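Chemist: Just dropping this structure here.
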Amino acid sequence: MAAMAARRGSFSDSGSDSEDSSLSDSELQEAFAKGALKPGLNVVLEERPKRRNDADGLRQCLAEFRQKLAWVERLDVTLGPVADPVSQSASASDAVDPENDFQREMSFYRQAQAAVLEALPRLRKLQVPTRRPDDYFAEMAKSDQQMQKIRQKLKSKQEAMERSEKAKQLRAMRKYGKKVQVEVLQRRQKEKKNILNAVKKYQKGLSDKLDFLDEEQMSSQGNKKGNASQRTKKGPNAKRRYKNQKFGFGGKKKGSKWNTKESFNDVSSFQSKVAHNKGPGKGGRGGKGGKKALNKRPGKRARQKMKNRAR
């Protein structure tokens, strides 16, 4: 029974917690104003704690862990910024705007420069080397395998960036080519539509002009002339020009056998026998004679008869 009561009590507590959690903000504010909330759930701060600058405590702590060592062991330099080369005066700390990145970084740089100018002469006086020797060898913080992995990773990133750039360029070129193609198709469709409308008007008798046919022919002729002019302006290719330069131009071949006025009037090479088929080896009129006639091979039927006779 006690266990049952304990369970009931736990269930009632959980139910009350769920009810409390389901309360709205306004109800919580009213309960807080009435003081009905239990202590410990909400902590009311009367005022913000004041910051203290305990200089004496800081000096005491500094005296506790301070060690009296030589300056070469400590190497601490506390100085203000070096003089500005432009204004030839050291700027005060309040003159630097903390929100201005350039002024802030320049103040850090001038302060570090002043520390170097102060520390270097002291180090040279103590005969402490401040320059790295020429044969200085220092072990890398990372192994060669790790650096190789880093190089491979950087190389893979660079290749990925190059591939992405190429893909972007290809997409842009495809987009531009598709745009040009669409414009050409639209222009052709528009021209075709205009021609069809003109033909319909002509068929219906609304117009008696055939200018659209002339325009179409002129456009086709203009395209042909443009292509022909491109072909004529092209000239010989690089291979032909190289061979002409190496072996020389062999002379004009086309039209070499055309008649001219001088060749037409020149009859010195004319031979009447050759012209009238009366040369050597040619027979006379109506006869077959000469060497060619004697060596003429008999026909197939004559050869067959000769074979039959020989049997």
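Cβ from N, Cα, C; glycine included.
For 156-168, the entry in TrEMBL reads compositional bias 'Basic and acidic residues'. Look at TrEMBL and you will find 218-230, 265-274 tagged as compositional bias 'Polar residues'. If you look up TrEMBL, you'll see 231-244, 288-311 marked as compositional bias 'Basic residues'. Look at TrEMBL and you will find 1-29, 151-174, 213-311 tagged as region 'Disordered'.
Locate each feature and note its surroundings.
Modeler: Within the same chain, no residue sitting at least 6 positions outside the compositional bias 'Basic and acidic residues' (156-168) brings its C-beta atom closer than 8 Å to a C-beta of that stretch.
Remark: secondary structure over the compositional bias 'Polar residues' (265-274) totals 4 helix, 0 strand, 6 coil, with classes taken from DSSP.
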